[in-house]
Amino acid sequence: MDAVHTPAVTLSWKNIRVRVKQDHREGSLGAAGRSWRSWMPTLPSSPGFGAGEPLLGWRAARQKLLIDGVSGAVDGGSFLAVVGASGTGKTTLLAAITKRLRGRAVSGDVLLNGRAASAKLLARVCGFVPQKDLATVTLTTTEHLNFMAVMRLDARVSASARARRIRVLLADLGLTACAHTRLAHLSGGERRRVALAVQLMVSPLVLALDEPCSGLDAEGSRVVLEALRREAGRGRAVLCTVHQAAPDLLRLFSHILVLSAGRVVFQGPLDDAQPFLAEVGARGQAGWTASTPLDAMLQQLCDPAAHLDTARVCTAFANSGHAQILEEYPVSEEVLARDVIRAPDIKHVSWFTEVSWLVWREVVDARRQNSRVFAQLALFLVTAAIMSLAFMDVRLTSLAGVQSVRGLLYLIVSEVVFTHSYAVFHTFPAELPIYLRESDLYSSSAYYVGKVLATVPRSAIEPLLFVGVIQSQVDLTAGGGVVTFVGVLGILFLTALTASAYGCMLSAQFESPEMVLAVTQPVDFICVLSAGIFNTIRSLPFYIKWTRFVSVFFYCHEMLSIVYWQNVVHIDCPVSSPDLPCLKDGGAVLEDIGFDTANLGRDLLGLGALCLGLHVVGFLGVVRRSRQQSAF
């Protein structure tokens, strides 16, 4: 499959330690390893409180050691299995030696052919396939690989060469039959092989996989592991974590690394594992369903109920000849200098190409979920139809008619704002994990701009249809004609864009849509309160009045009111209501609300600035989270 010879490579790691902050009472606080309670002040020793007990009963965050001084190595051509029970640190070790951990304290050295390897260098020469496969599942296999080829391969590679490369990968991994099948319809084993194809696209020297057999049956696991063994046979250094492999599958590996509580139990050739483990007392127990002695020993090491002193076993390995070999592993510095450091840099595609392909993927994804899009649009139009029927008999012949029109304008504003902001609340919480997985392929700005551009068609089409339905029953131009109607559409289009920016900003800051909704409720309440809908702007207290300048409701409401009421030149003042104020024309209505026609330009600039500012904050939220969360 490879057009060029894979250079010899040795990946080694020395004394790797990984620590994560952990609250004493709460346990681990997630991937970022941060405790927001650790800053709480403590109380002195007193009756009812322990010494140093923090306020509100919280205790300071502590550090938990996940990986404890692990050293090891893997050669090109070797197929290494990292084995251990759940929670022993297999995934953490794999991410640490490929330098994909963020937000955790990592110490130790990672060497490539005897020289310190930077994260940038490892990203170029090491392919990483996480356990959890994240992708846009509406794409077909070929479409997904074509997108990845554009982002990963040299920009000077032609489209025909990319297509040829993809065909070779599909044939080599047995995926030709599902080349035009959507990822959502592939089996688990096929999805794993597609993820493997993405990494093999750039012919990595090292290939790391996190539990590639998880969730697969025996046959699916065999197909995946045999594909990996072929890659090792081509000279790559292949290592993968394995929770529990069947004995016949374990024999596909050439080397094994056994972990227990973040320490090495054994690492070396697979054939040497059984004699060493037997020597230190791991003999298995009667009644276990193990077909080989090595399988029984691994079951015993992975079973806490076996009461094996794994700490003693780890110490025995650290003092053994196997550990000494790893400490003095022979490497060739000359190979690294010639084949890696001096390799020509890959020319990446331009920023505009990144954006165009990201928008293409968003459009394809939306088009293939058209039933959901049509359902949302249908509900939006039903709302417009109900509103138009409710206000179809409104006439500006009384103050009641004026109040009805004011209510209609408010409903239009609120419907557009809430619909377009709520529509993107799920965007980043649901899709940010995909970006984190692909963050080394394209820039954060290209990702964010692509997501924003994908919302523009909806922001243009939905207000047009919405206003068109209402206009069929209620004259929103007040006799102003086409120019006024276009003005109303323009205002609502800019409002929809700003509402989408508001939704993007909130969803980029928080990890769950539930948290977004909890935050947005008080914010929306304050913004509606200062929009001149339920009371006049003049009557607002000073500590509330300023919020109108950061309220999309205010800007849209004032502009829409100005465009409508400036065309109303006469309103009847009924004699039957002498105690009510007489609003003789649209100008009087605007003055009663607290609006001014001179503010139209200011509001346009304000709404545009608010849209831009919200997107800037949203983009910074995406960047912040991408730097705090690990990309695996």
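A Cβ is built for glycine as well, from the same backbone N, Cα and C atoms used for every other residue.
Annotation source TrEMBL lists domain 'ABC transporter' at 51-286.
Per TrEMBL, transmembrane segment is recorded for 373-396 (among others). Outside the transmembrane segment (373-396) by six or more residues, the chain places 366, 402, 404-405, 407-408, 411-412, 415, 419, 423, 462, 465-467, 469-470, 472-474, 478, 568, 571-572 with a CB less than 8 A from a CB of the stretch.
The annotation transmembrane segment is assigned in TrEMBL to 408-428 (among others).
The annotation transmembrane segment is assigned in TrEMBL to 482-503 (among others).
Long-range contacts of the transmembrane segment (515-534) within its own chain (CB-CB distance under 8 A, at least 6 residues past either end) are made by residues 410, 413-414, 418, 421, 425, 429, 506-507, 509, 540, 544-545, 547-548, 550-554, 557-558, 593-595. According to TrEMBL, the transmembrane segment annotation covers 515-534 (among others).
Per TrEMBL, the feature transmembrane segment maps to 546-565 (among others). Beyond its flanks by at least six residues, the transmembrane segment (546-565) meets 405-406, 409-410, 412-414, 416-417, 476-478, 480, 484, 487-488, 491-492, 495, 498-499, 502, 526-533, 537, 540, 586-587, 589-590, 593, 595, 597, 599-600, 603-604, 606-607, 610 of its own chain at Cβ-Cβ distances under 8 Å.
Here TrEMBL flags 604-623 (among others) as transmembrane segment.
Proximity of distant same-chain residues to the transmembrane segment (408-428), defined by a Cβ-Cβ separation under 8 Å and at least 6 residues beyond the stretch ends, is recorded for 376, 380, 383-384, 387, 391, 394, 451, 455, 458-459, 462-463, 466-467, 470, 474, 492, 495-497, 499-500, 502-504, 506-508, 513, 516-517, 520, 524, 528, 531, 533, 552-553, 556-557, 560-561, 564, 621-622. Same-chain residues lying 6+ beyond the ends of the transmembrane segment (604-623) with a Cβ under 8 Å from its Cβ atoms: 428, 432, 435, 444-445, 447-448, 452, 494-495, 497-498, 501-502, 504-509, 549-550, 552, 555-556, 559. Within the model, the domain 'ABC transporter' (51-286) carries an average pLDDT of 85.
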